[in-house]
Amino acid sequence: MSTALPIDHRVGYLDAAAQARLLQAIQAVVAEAPLFVPRMPRTGRQFSVRMTNCGPLGWLADKQGGYRYEPVHPETGKPWPPIPQMLLDIWEDVGGGAPPEACLINYYGQGAKMGLHQDRDEEDFSAPIVSVSLGDTGLFRVGGKTRKAPTQRYELASGDVLVMRGESRLAYHGIDRIVPGSSDLLPEGGRINITMRRVHKPDI
Ligand SMILES: O=C(O)CCC(=O)C(=O)O
Ligand SMILES: [Fe+2]
């Protein structure tokens, strides 16, 4: 029987103190680069998550321009804030290789979710995707390299790190829903997911 591609799920990677420190760093990013509402290309339909970015490049989704990476915030026009050192340390610790160029921050309020998709707006699939979760648990679904492949569910709790590399780099994945009240890290509730990625092949 075929199963979902295996992913590297590091449960409890960040302890409570580290989660609180990372949350502060993310709040500082959001203060400089406010959360915005992404929209589906063509239909213009809103995503249910709010997002922002840090790092040299940020991922955007809007009606006109589609899915892409840009060096500036779509509303402020300012460069994205730098990636907090704590996140760069995680990237290095899990063997991410050449430093991440993009760090997407998704905020899931009550009822937010993310449909099954592949992360394929990058030129370089040889680098991993490293994801860190804070706040309420997210029910993460991961499958294979086609949309129809069997899927498996993981519970991404606050402080968990997930690494998608090799075969699983292009696995379909999404968030079915968050579990309200499962963490009290975020004063307003909800979930933050942070994903670091390389966009370009590193110059050697
Ligand atoms: O929230 C998550 O855990 C996944 C986010 C995601 O797949 C993405 O931003 O591409
Ligand atoms: Fe994704």
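Including glycine, each Cβ sits where the backbone N, Cα and C put it.
Whatever TrEMBL says is automated annotation, not expert-curated.
Keep in mind that what you see is a predicted model, and the values were worked out from it rather than measured.
The annotation in TrEMBL ties Trp59, Tyr67, Arg68, Tyr69, Arg147 to substrate, and of the candidates under consideration, Asp93, Asp119, Asp121, Asp176, the one tied to the same site is Asp121.
Annotated Fe cation-binding residues in TrEMBL are His117, Asp119, and among His73, His173 the one listed with them is His173.
Counting Cβ atoms from all protein chains shown, Ile192 (2-oxoglutarate binding site) has 23 others lying within 10 Å of its own Cβ.
In this structure, Asp119 are the binding-site residues from Arg68, Asn106, Asp119, Arg147, Ile194 whose C-beta falls under 6 Å of some atom of ligand 2. Helix, strand and coil counts from DSSP across the domain 'Fe2OG dioxygenase' (99-200) read 5 helix, 45 strand, 52 coil. Checked against ligand 1, the binding-site residues Tyr67, Asn106, Asp119 give Asn106, Asp119 in sequence order as having a Cβ less than 6 Å away from one of its atoms. Closest by Cα distance to Tyr67 (substrate binding site), from the binding-site residues Tyr108, Asp119, Ile194, Met196, is Asp119.
On a Cα basis, Ile194 (2-oxoglutarate binding site) lies 17 Å away from Arg68 (substrate binding site).
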